[in-house]
Amino acid sequence: MQIAQVIVDIPTRQTNNPYSYLIPDYLVDQVVPGMRVEVPFGNRKITGFVVAIVNNSDFAGKLKPISSLIDFSPVINEELLQLSSWMADETYSFKISCLQTMLPGGMRIKNKKRLIANDDSVVNQHPEIFDGNHEIDYNRQKLTDKSIAQIIRLQKEGKIQVEYNLTHHAKPIMMKAYQGQLDQGQADSQLAVVRKNAKGQLKLLSILSAHPHETFLRNQLITQGVTESAIKTGEKNGWLKQTLKRHIRNPFLRSVAHTNPLTLQPDQKQAVTRINQAISGKQDQVFLLEGVTGSGKTEVYLQSIAHALETGRTALMLVPEITLTPQIVGRIRSRFGNQVAMLHSALSNGERYDEWQRINSGQAQVVVGVRSAVFAPLRNIGLIIIDEEHDSSYKQTDNPRYQTRDVAKWRAAYNHCPVVLGSATPSLESRARAMKGVYKLLTLPHRINRHALPHVSIIDMKTEMAKHRSILSNQLSNAIQDRLDKHEQIILLLNRRGYSAFLMCRDCGYVPKCPNCDISLTMHKNTHSLNCHYCGHKEPIPTVCPKCHSKRIRFFGVGSEQLEEQVKQLFPTARVLRMDVDTTRKKGSHEAIIDKFGAHKADILLGTQMIAKGLDFPEVTLVGVLNADSALQFPDFRSSERTFQLLTQVSGRSGRADKQGEVVIQTFNPDHYAIQLAQTQDYERFYATEMRVRHDGKYPPYYFTVKLTGNSPSENQTASEMFDILTYLKSHLSAQAIILGPTPKAVTRINNRYYYQIIIKYRKEPNLKPALDEILMQSQKKQRHGLQIAIDNEPLDFM
Ligand SMILES: Nc1ncnc2c1ncn2[C@@H]1O[C@H](COP(=O)(O)OP(=O)(O)OP(=O)(O)O)[C@@H](O)[C@H]1O
Ligand SMILES: [Zn+2]
Ligand SMILES: [Zn+2]
């Protein structure tokens, strides 16, 4: 008797333990961990992941059998199965959510399948499955148990492919192809007898000799000089057999010229040597690569990846969403070509699935991607890189609330390989670990070729605003004009963090708010509506104030669109490009803007955070920051760190090649240390200053933190249950633990539910985890009428 242990798709604490199902006879030895199945649950059928196969169960009753298979081969490998258990525990989330998070978007939904035969012989041998077709709709075909077992075998042998119908785009493209029928010796002896003027046939046979029994797309043969008539002859003589081959969609829009490794500078060389030693020695060491902007961190990554590949292993490189610029992808592809797979949110479901397949099947050995790519099904990983390791996009804000750095470290331990965390402005947590020797610190203190860091000036906008109303200070306007005259390029950053464009009545001060949430509505020009960012509520933009009927109800704050208008008015001859969410929505537009700016077809690139990182344009000699401090007003202990990081990053875009760079930072808080130290780009002093602030405030990295949020439809109920939780926590934690709250969240009401939070700061609390697990378990039991609870381990925001 074989029994499958299944994590079912019902997210509760109880279902975090697997349920047992009988494996029916026809599937014995065919069902393996990592496959998804359909199982009976109560009086319905639900899906689940097989996590183990056992021979007996301690379940007393009669076991129900699995209803059907969703996958014929595992979609989650052994490593990721283990990771999911660890992650569920670590992030206080459900195993089912962790498993689902690991699959590419389109595969998470319950999907239809199609079976595709690789060639005619399979079709002919299995009429009971294919019924003479190359491709069948699995869900429509009436298949016997025996056929299903056969399908699993055929897939294992690589004779058929199973495709998930994700979206319209996800359909695999099958193209006419030919399979070579000769081994090398046969091809060579044919070569010897073919007429010397039959050029096409000679070419074909030499290809067949070099790649015996391979399958070639028709186009591949034609572009290599094989003629139509040679293909016909080849078919007639039995050298080739017609078939179909899957054409893999290519998410890289452009082809990239190959580049060779650069000769390393001494600091780079030392870093590469240390990393490569850890790769060869199979050490799961974490390195913190701290290199000033433009110090050549990317080259260090590339040469370490190359080493991992040389030792027969794979490599994973993670980048923040907004820095996954075509520039960096281009640099990696130019080194590693088609070995690279890319995973990010701009891909369609179909493209993402294809990339995932290429990784899962071992065709791609280098993965570049954003946060979720940390779950890429790579095997035998030799190196994991996290670029811009301080970036907040590495923490998932919804369930499962994982920190990518921690997942990466887990995988590194599993695969016995190093992790490289790279940044010009490391997070305080990582830098503190490096100081303690937990991480090894590698530094690149100089820009490439010893170019100086840009000169940074700070403009006090309080005095500036007293003189004029323009959003550009005199000094910044003058500097822009100067660069335009010299035909150099300019980047202007509008800091969007903590800043939203809202409507306000100039006469009575009325601001439209969401009816369901305690938050002002945000103006969206493109849809001509006021939107709530929390619940999705939408309403038309009023033309008169609903309160005082004044017509002077206006947009408040500056958006990048307005900035563009103003810049164009001030500099009518300048060619201006804008990069923000609105101008990059269309596929390929991101690349188009960067290409255009890179080719110097524009003088000024202005935009939001998107332009702050990663870009490498030699002609940029001026960076202007319009509102440095909008993030400083955030009631968040990390706001200084974020501001310092952003300013340092964006400043680093200036003067990266031969010309000296300049940066102008406009601010209302010229005396704030984050701004002052960004001026000198002095990470060391910032680190020391900020560590003192964190020490005094008992914040990370001195303390660990957990945020517990509860919500319910009634404010009274939320508050009183959160006070119960507080009492429970107090009785389980030591006197050293600091418990803040419960307090209403900054936005207390969202979608008519009331949110309160408790923050726990602690250094060592062995009882904390069991206490939190118990709180979650209890809240699950009474959820229907009670409080919903979410736990965020090491939250990135405290609001
Ligand atoms: N060894 C080298 N020799 C010559 N040029 C180099 C070398 N290493 C890097 N470069 C060049 O120096 C420039 C800056 O390097 P890179 O973009 O990798 O820096 P970075 O540290 O990643 O910067 P940032 O953090 O600002 O994005 C690039 O144009 C790169 O091609
Ligand atoms: Zn009004
Ligand atoms: Zn709302």
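Using the three backbone atoms N, Cα and C, a Cβ is placed for every residue, glycine included.
Worth saying up front: this structure is predicted, and the values here are computed from it rather than measured.
Record features, source TrEMBL:
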type	residues	note
DOMAIN	278-444	domain 'Helicase ATP-binding'
BINDING	CYS505, CYS508, CYS545, CYS548	Zn(2+) 1 binding site
BINDING	CYS514, CYS517, CYS532, CYS535	Zn(2+) 2 binding site
DOMAIN	540-694	domain 'Helicase C-terminal'
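All features noted in TrEMBL, drawn onto the structure.
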residue: CYS505; record: Zn(2+) 1 binding site; Cβ within 10 Å: 22
residue: CYS508; record: Zn(2+) 1 binding site; Cβ within 10 Å: 13
residue: CYS514; record: Zn(2+) 2 binding site; Cβ within 10 Å: 24
residue: CYS517; record: Zn(2+) 2 binding site; Cβ within 10 Å: 21
residue: CYS532; record: Zn(2+) 2 binding site; Cβ within 10 Å: 21
residue: CYS535; record: Zn(2+) 2 binding site; Cβ within 10 Å: 17
residue: CYS545; record: Zn(2+) 1 binding site; Cβ within 10 Å: 21
residue: CYS548; record: Zn(2+) 1 binding site; Cβ within 10 Å: 13
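Residues CYS505, CYS545, taken from the binding-site residues CYS505, CYS532, CYS545, are distinguished by a CB atom under 6 angstroms from ligand 2. Among the binding-site residues CYS508, CYS514, CYS517, residues whose Cβ is positioned under 6 Å from ligand 3 are identified as CYS514, CYS517. Listed in sequence order, the residues ARG506, ASP507, GLY509, TYR510, PRO546, LYS547, HIS549, SER550, ARG552, ILE553 complete the 8 Å Cβ shell around the Zn(2+) 1 site centroid, once CYS505, CYS508, CYS545, CYS548 themselves are left out.
Reduced to three states, the DSSP call for CYS505 (Zn(2+) 1 binding site) is strand. Other residues of the same chain near the Zn(2+) 2 site, with their Cβ within 8 Å of the Cβ centroid of CYS514, CYS517, CYS532, CYS535, are PRO515, ASN516, ILE519, LEU521, HIS533, TYR534, GLY536, HIS537, ILE750, ASN751.
CYS514 (Zn(2+) 2 binding site) sits 15 Å from CYS545 (Zn(2+) 1 binding site), taking the CA atoms of both as reference points. With respect to their backbone Cα atoms, CYS532 (Zn(2+) 2 binding site) and CYS548 (Zn(2+) 1 binding site) stand 23 Å from each other. Averaged across the domain 'Helicase ATP-binding' (278-444), pLDDT for the predicted model comes to 92.
Cα to Cα, CYS548 (Zn(2+) 1 binding site) and CYS517 (Zn(2+) 2 binding site) are separated by 23 Å. For the pair CYS517 (Zn(2+) 2 binding site) and CYS505 (Zn(2+) 1 binding site), the C-alpha distance works out to 20 angstrom.
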